[in-house]
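Only one structure is covered here, and it is reproduced in the block below.
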Ligand code: THU
Ligand code: ZN
């Protein structure tokens with residue numbers, strides 16, 4: 001992965017690539033840039049923030065895993081804290097296309113899992129599809145978010161989604177990214193650390209429509225644990241399931257899904273739906289070696 005990132009540097013202006021190379025080579029580089037790092041880059045290269053973020057998109061797109069389309073989409077989300085988070089599209093062979101993660105969803109869920117509660121800007125190398133516009137409409141403070149595309153002026157997000165259908169049409173006022181506690185309590189007496197991590201993720205999941213609160217925790221062969229939270233959408237189909245959120249973080253951390261040893265999936269079953277079959281199907285394709293544990297609450 002780091003090799004793909006470094007080879008994407010050749011798509012950047014030489015001076016910028018030279019400046020970024022040591023940052024990307026640092027072992028602790030985590031597919032994000034701090035507000036300070038970004039400000040320094042802008043100053044050193046006499047570029048404004050939007051032009052710099054657009055210039056960096058080939059690096060975000062280098063994280064794409066487009067097994068089916070070979071179409072690389074990159075996005076960068078700027079969090080309310082001022083930090084910048086990379087994202088890229090993920091496609092999965094041998095399962096329904098509905099499992100796909102769009103670059104915008106990747107960058108947004110990356111920012112969410114790293115503690116952001118609002119976003120101020122999203123930069124993307126292609127125009128966001130209708131599904132992504134709908135996904136963005138679910139976010140806390142969507143009114144304040146700007147969208148910037150190559151060769152386009154920065155626009156308010158709502159210019160990209162006039163006459164929006166959204167959470168308020170279903171009388172829902174809790175937005176995605178706002179801090180949550182779904183008050184789920186453990187059902188296992190001898191709790192396992194992965195179970196606890198999955199339960200904590202389920203407690204922070206956004207499922208105001210089905211109440212099918214769900215979270216996942218994946219243990220890698222290097223001991224690292226990655227979690228994922230379910231993110232529902234008012235239009236239902238653009239919802240992002242928890243395994244996809246975790247797989248995205250694993251990929252952005254330069255790790256491989258083949259490194260997953262164990263998965264704990266916890267969900268509170270809602271009125272009619274459950275995610276466990278989808279999660280097991282996707283898991284058995286991307287990480288056939290992983291042991292999958294399921295806990296319904
Ligand atoms: N894609 C995105 O990542 N964002 C968009 O809004 C447009 C489409 C991805 C999804 C899929 O992996 C590939 O591009 C082809 O649609
Ligand atoms: Zn999209």
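Backbone N, Cα and C define each Cβ position, glycine as well.
Annotated active site, proton donor per TrEMBL: 104, in sequence order. In this structure, residue 104 (active site, proton donor) is part of a helix by DSSP.
What TrEMBL records for 89, 90, 91 is substrate binding site. When secondary structure is read from DSSP and collapsed to three states, residue 90 (substrate binding site) falls in the strand class.
Residues annotated as Zn(2+) binding site in TrEMBL: 102, 129, 132. Sequence-distant neighbours of residue 102 (Zn(2+) binding site) (same chain, 6+ apart, CB under 8 A from its CB) are 73, 89, 128, 129, 131, 132, 135.
If you look up TrEMBL, you'll see 48-168 (among others) marked as domain 'CMP/dCMP-type deaminase'.
Among the features that TrEMBL reports, domain 'CMP/dCMP-type deaminase' is placed at 189-297 (among others). Confidence over the domain 'CMP/dCMP-type deaminase' (189-297), given as mean pLDDT on the 0 to 100 scale, stands at 95.
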Determine the Cβ neighbour count for residue 90 (substrate binding site): the number of other Cβ atoms within 10 Å of its Cβ. 24
Can you tell me the CA-to-CA distance separating residue 91 (substrate binding site) and residue 104 (active site, proton donor), as a whole number of Å? 14
Which is it, of 91, 104: the one of these recorded positions whose Cβ has the most other Cβ atoms within 10 Å? 104
Which binding-site residues of 89, 90, 91, 129, 132 contact ligand 2 in the sense of C-beta under 6 Å? 129, 132
